[in-house]
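Q: OK, TrEMBL features for this one:
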- 70-92: transmembrane segment (TRANSMEM)
- 113-135: transmembrane segment (TRANSMEM)
- 187-206: transmembrane segment (TRANSMEM)
- 218-242: transmembrane segment (TRANSMEM)
- 254-274: transmembrane segment (TRANSMEM)
- 300-322: transmembrane segment (TRANSMEM)
- 343-362: transmembrane segment (TRANSMEM)
- 438-460: transmembrane segment (TRANSMEM)
- 480-503: transmembrane segment (TRANSMEM)
- 510-527: transmembrane segment (TRANSMEM)
Amino acid sequence: MYGRYTQDLGTFAKDEAARLRLQQGHGEGDTPRPRRPSELLEYTQGRCAPCRVCALQCQRFFISKVGEDWVFLILLGLVMALVSWAMDFAIATCLQAQKWMYGGLDTNVLLQYLAWVTYPTVLITFSAGFTQILAPQAVGSGIPEMKTILRGVVLKEYLTLKTFVAKVIGLTCALGSGMPLGKEGPFVHIASMCAALLSRFLSLFGGIYENEARNIEMLAAACAVGVGCCFAAPIGGVLFSIEVTSTFFAVRNYWRGFFAATFSAFIFRVLAVWNKDEETITALFKTRFRLDFPFDLQELPAFAVIGIASGFGGALFVYLNRKIVQFMRRQKTINRFLMKKRLLFPALVTLLISTLTFPPGFGQFMAGQLTQKDTLVTLFDNQTWAKQGLSDEFEYLGILEAWRHPRSNVFVTLVVFILMKFWMSALATTIPVPCGAFMPVFVIGAAFGRLVGESMAAWFPDGIHTDSNTYRIVPGGYAVVGAAALSGAVTHTVSTAVIVFELTGQISHILPVMIAVILANAVAQSLQPSLYDSIIRIKKLPYLPELGWGHHEKYNVRVEDIMVRDIRYVTLNCKYRDLQHVLQSTKMKSLPLVESAESMILLGSIERAQVGALLSHQLSPQRRLQALRQKVLAEDGHRLSDASIRFQVRRAAAS
């Protein structure tokens, strides 16, 4: 056996050598003719197999390095920084256009009103229509869906290029309208979609991104990038993404989140310097509070009051937001009408809010002409607006003029602003456009903190005396505390304290901020779920929320206590009649597939719609005609074979 194999191998080698000689132009007995230089090069390359192997190894090494984590994270941070800067530029341009239209029509109040109302209505309507047509999955924040996806649930069309385009354009138009909407939640979704698209692109080169588990890790890092490039707050972004999207977090992802978020925030601020928006890389809302004595210990009870009140306010905001959505869904007449006229609801809400914020109208009592960014800049101002309750003792300059009204003091303006913006933001976040709720809540919290700070400054006009030293109260510090506390209460996070420090560039109020945020979380978590968990319940996403306070006895509930035992199933050897009986006797969307009725070993599940489609395909007229043709051909072949056998038998008998 072995000898025959060697002989065959030698014969094959000889034949192959002869074939090569014939291809080169000479026969077996001829001497090889001289080769031209091109042929000599091909011959040399053919003989130099180790060189080809080396080149292939170098190529594989380069391709594998392209797929390494650091390259992916740099690309992710760079792309998200560019997207964030471009969107901010477009949003600022839209808001400036609205101011230009409003200011150019100052001779006619009616035309001013029409311009003030029509501009945001058109933008919101376009955003809602564009999103609904291109990708309805882009509506809303995106953080609830990311919480579900990071739990391992596959949500179709949530991380596609189509949804990315709809989210970016829809969010730009929504924020450019000036409505009380935020961008942090949508940016988490945008960064996750960007990471998914980059993973899909880099998987073409092979490497680690063909692994689904690694893609989940990159999505976790992308959530940090979304917050980091939104507020230029990389540390708070990483912590916030961990708190709102993960029940557990792999420590090996820590450096990925920090690296990508830091790089993204750095590029985002460098672009602002390049565009001459800033002189150097600074915080977005830089404050200048005194550092030698930022607050007195006797002010800590006031900060604690801000925290407790913010906890109740955050729970009320989540409750109000959920009740608005449930009311719209339970009223069948309204729901049916709005389903037919999808763009009517966002247009009406925008019309109502823009009418109330019209500066010559009711907006003069709530600083209606200020954008969210301008509002935060004024609220974080370290000067005291009202001394001893009189609004005319402080000289309002620039955008601070919006808070001054000749017939009321600053306390009335702040109270009206807080009350109106509270329900406006809860209503605006229900509009079917890409939007978040973090920034409006952040602004409301800052206004509430400013109100408490101004009240303290009025009660103690000369400051609180300590050791014969007098330090005036800084209301801007109270605004920082209130912003962190209310946003932390709504989202059930503590990392908003770190985000505030990075936003303002100062940590002088670190102790009161942490006290207020912890107290606000303690109150809010005992009353309501977080805003993201509330949206998960409204949308009925497949997500198991954490058990709140007072529900720890539910840990003793077992699966057998809630499971349904009488379930129709499909076996491997079931017949058509059995499948029809299962489909007719149950309305379950998914059917379990078991090995047999005796063993009941679960093999998987199959969707009801898929079973129906398979049955329809198998019993379609085309399949029946094909089966009849095969049957006729089989019968004809059988007859021909019988005839040939009989013919051969007769010929044999005749011979």
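The backbone N, Cα and C atoms fix where each Cβ goes, and this holds for glycine too.
Unlike curated records, TrEMBL annotations are generated automatically.
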Q: Who are the chain neighbours of the transmembrane segment (300-322) in space, where the CB to CB distance is under 8 Å and they lie at least 6 residues beyond its ends?
A: 422-423, 425-426, 429-430, 437, 441, 444-445, 448-449, 452, 456, 478, 481-482, 485-486, 488-490, 511-512, 515-524, 527-531, 534, 537-538
Q: Are there at least 3 C-beta pairs under 8 angstroms linking the transmembrane segment (480-503) and the transmembrane segment (70-92), leaving out pairs fewer than 6 apart in sequence?
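A: Contact criterion not met.
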Q: Which listed range (218-242, 343-362, 510-527) shows the maximal number of Cβ pairs under 8 Å with respect to the transmembrane segment (113-135)?
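A: Result: 343-362.
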Q: Looking only at residues six or more beyond either end of the transmembrane segment (510-527), which have a C-beta under 8 A from one in the stretch?
A: 295, 299-300, 303-304, 306-308, 310-312, 314-315, 318, 477, 480-482, 484-486, 488-490, 492-494, 496-497, 500-501, 548-550
Q: Taking a Cβ cut-off under 8 Å, which residues six or more beyond the ends of the transmembrane segment (480-503) line up next to it in the same chain?
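A: Counting only partners 6 or more residues beyond its ends, the transmembrane segment (480-503) has Cβ contacts under 8 Å with 227, 231-237, 239-240, 242-244, 283-285, 287, 303, 306-307, 310-311, 313-315, 317-318, 376, 379-380, 437-438, 441-450, 452, 509-510, 512-514, 516-521, 523-525, 529-533.
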Q: For the transmembrane segment (187-206), what are the same-chain contacts with Cβ under 8 Å, counting residues 6+ beyond its ends?
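A: Contacts of the transmembrane segment (187-206) (Cβ under 8 Å, skipping residues fewer than 6 from its ends): 63-64, 66-67, 72, 75-76, 79-80, 83-84, 138, 141-143, 145-146, 149, 158-161, 163-164, 167-168, 171, 214-215, 218-219, 221-223, 225-227, 229-230, 241, 244-245, 434, 436.
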